[in-house]
Amino acid sequence: MQVLVASRNKKKLAELQRVLAAANVEGIELLSLADVPEYPETPETGATFEANARIKALDGVRNAGLPTVADDSGLAVDALNGMPGVLSARWCGAHGEDAENNRLLLAQLSDVPDDRRGARFVSSCVLAVPAEIADAADLEPEVAVTGEWEGRILRAEQGTNGFGYDPLFEPAEAPGQSSAELTPERKDELSHRGKALQQLVPALRVLAQSAQ
């Protein structure tokens, strides 16, 4: 069963592959947006992570005709009243500029003491399935899940793994380390996206079994 991951980020594709392998789910071939004919993507105008993930997942079903997993993730900082939130990827105004986003966040928190630098990563994932495939598998056409990862914002970047705000995020479970210093397997276990993807495993297992 081919399943589209609505992203061109190879690390996100690899993350879901590791989650499926750890759960012994076989029979799923993951494709990225680079593997299917290009299609016009609907702007992510949702006010929540789940709304944006749903937009991307339904785009995949409508244009590629495949079951599609999409996520929208971001950072919620207590001292910034939950921002950057859904604006995380374009916090500095340019989508995908990780270094600029990180510099801006550090500047905004420069006067915030360590005990008030609490933050969490949030990931909402949506699995959308074409109606005929959902009916055959006795599966809901949409499955939405959310994972959160608590921690705090460091005062300087640490580590070279991961992407986005990972070098600035100190997980509650790993004091003194950033999430960019964790192994991929440890990050899958702890992270917001890993937690969300693990909740999708039962539905993906049903899809795989329905194709056998």
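Backbone N, Cα and C atoms are what each Cβ position is placed from, and that goes for glycine too.
What Swiss-Prot says about this protein:
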type: ACT_SITE; residues: D72; note: active site, proton acceptor
type: BINDING; residues: D72; note: Mg(2+) binding site
type: COMPBIAS; residues: 183-192; note: compositional bias 'Basic and acidic residues'
type: REGION; residues: 164-194; note: region 'Disordered'
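Outside the region 'Disordered' (164-194) by six or more residues, the chain places 12, 14-15, 18-19, 22, 71, 73, 75, 88-89, 98, 101-102, 105-106, 119-123, 125, 147-154, 156-158 with a CB less than 8 A from a CB of the stretch. Long-range Cβ neighbours of D72 (active site, proton acceptor) (same chain, at least 6 residues apart, Cβ-Cβ under 8 Å): E44, G46, F49, E50, A51, N52, A53, K56, V86, S123, S124. Counting residue by residue with DSSP, the compositional bias 'Basic and acidic residues' (183-192) contains 8 helix, 0 strand, 2 coil. Under the DSSP three-state reduction, the residue listed as 'active site, proton acceptor' is assigned to strand.
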